[in-house]
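Here's the structure, in structure tokens; my notes come after.
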């Protein structure tokens with residue numbers, strides 16, 4: 001009996017020793033894991049800080065002064081290609097944002113069903129009801145109608161400083177075929193193209209539309225970026241070395257500029273990577289990408305004018321106007337989102353952010 005008791009005492013003592021020794025081991029394991037992740041995050045933050053650009057200096061440099069001798073259209077003539085039966089808000093957000101930033105004219109080329117709705121949102125936009133969807137086109141008429149659509153857009157194309165392709169576009173096959181032709185014509189005319197939303201769906205499946213075109217901008221969100229990486233690089237997204245992967249992706253597509261949206265927006269043209277980490281808003285609302293695409297279109301146009309006028313004497317270290325436009329558009333959206341959230345908190349919607357665009361730009365680059 002005494003031997004049995006002694007055995008149990010020894011066994012309990014051994015268990016206690018094992019448990020006591022295992023606690024530090026578990027703690028050490030957790031410390032190593034947490035420490036490792038902290039180290040990774042710290043390195044990531046350091047890497048992003050090294051890429052951070054002075055966005056306010058960029059905005060001040062490329063924003064044109066208000067000059068009474070200039071005429072209508074010189075501050076930007078932007079066209080949005082998008083808007084169908086289901087989606088009318090997105091093209092409106094992109095087009096009206098361009099005006100709120102300071103463009104003189106903003107057009108929307110949409111389907112006939114979407115046009116009355118978009119026109120009702122604002123008289124400020126020039127709305128062209130010229131696009132068609134499959135349900136409204138017989139098979140035998142597709143070729144002639146596609147030619148007519150293209151001819152209607154071509155009449156205006158040379159007037160535009162930039163196209164925004166994708167907001168509210170939808171995925172109708174006939175409509176996407178027509179938009180593909182519009183993009184090819186814009187490319188032949190050397191018109192910059194900002195691609196967002198369903199435009200990214202179109203481009204991801206037809207990379208030749210933008211491959212090698214240095215005046216193209218892709219603005220993918222997390223999921224759209226993932227699909228691009230899988231399609232182009234045949235790999236998964238690498239968060240540990242995100243800047244290098246973005247650089248490789250832009251280079252692989254032939255030097256297009258990619259603005260990858262995230263906690264920090266990363267921008268690359270295949271030669272360099274820039275980061276914009278201006279604090280925005282914890283409120284994630286649909287439509288912010290549309291604001292971004294319209295804003296980038298305007299700033300991109302202004303940056304091209306600035307670089308041309310400066311004749312290589314610009315004080316900006318980056319000389320690519322497409323990258324400069326992305327930097328400015330990203331920073332202004334973030335600042336506007338922050339202002340809107342400070343006023344509206346959880347009730348912040350896309351329209352609130354749009355209304356803060358003008359003040360955000362004025363704070364950085366006063367008109368007077």
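For all residues, glycine too, the Cβ spot is worked out from N, Cα and C.
Features of the protein shown, as given by TrEMBL:
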- 55-364: domain 'YjeF C-terminal' (DOMAIN)
- 168, 221, 222, 223, 224, 225, 226, 227, 290: (6S)-NADPHX binding site (BINDING)
- 261-265, 280-289: ATP binding site (BINDING)
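Minimal Cβ crowding within 10 Å, among the binding-site residues 263, 281, is found at 263.
Long-range C-beta contacts of residue 222 ((6S)-NADPHX binding site), restricted to its own chain and to partners at least six residues apart, with a cutoff below 8 Å, comprise 261, 262. Confidence across the domain 'YjeF C-terminal' (55-364), taken as the mean pLDDT and rounded to a whole number, stands at 96. The local packing around residue 168 ((6S)-NADPHX binding site), expressed as other Cβ atoms within 10 Å of its Cβ over all shown chains, amounts to 27. Ranking the binding-site residues 287, 289 by how many Cβ atoms sit within 10 Å of each one's Cβ puts 289 at the top.
The Cβ of residue 290 ((6S)-NADPHX binding site) lies under 8 Å from the Cβ of 89, 90, 91, 93, 94, 97, 167, 168, 196, 197, 350, each of these being in the same chain and 6 or more residues away along the sequence. When the alpha carbons of residue 281 (ATP binding site) and residue 224 ((6S)-NADPHX binding site) are compared, the span between them is 21 angstrom.
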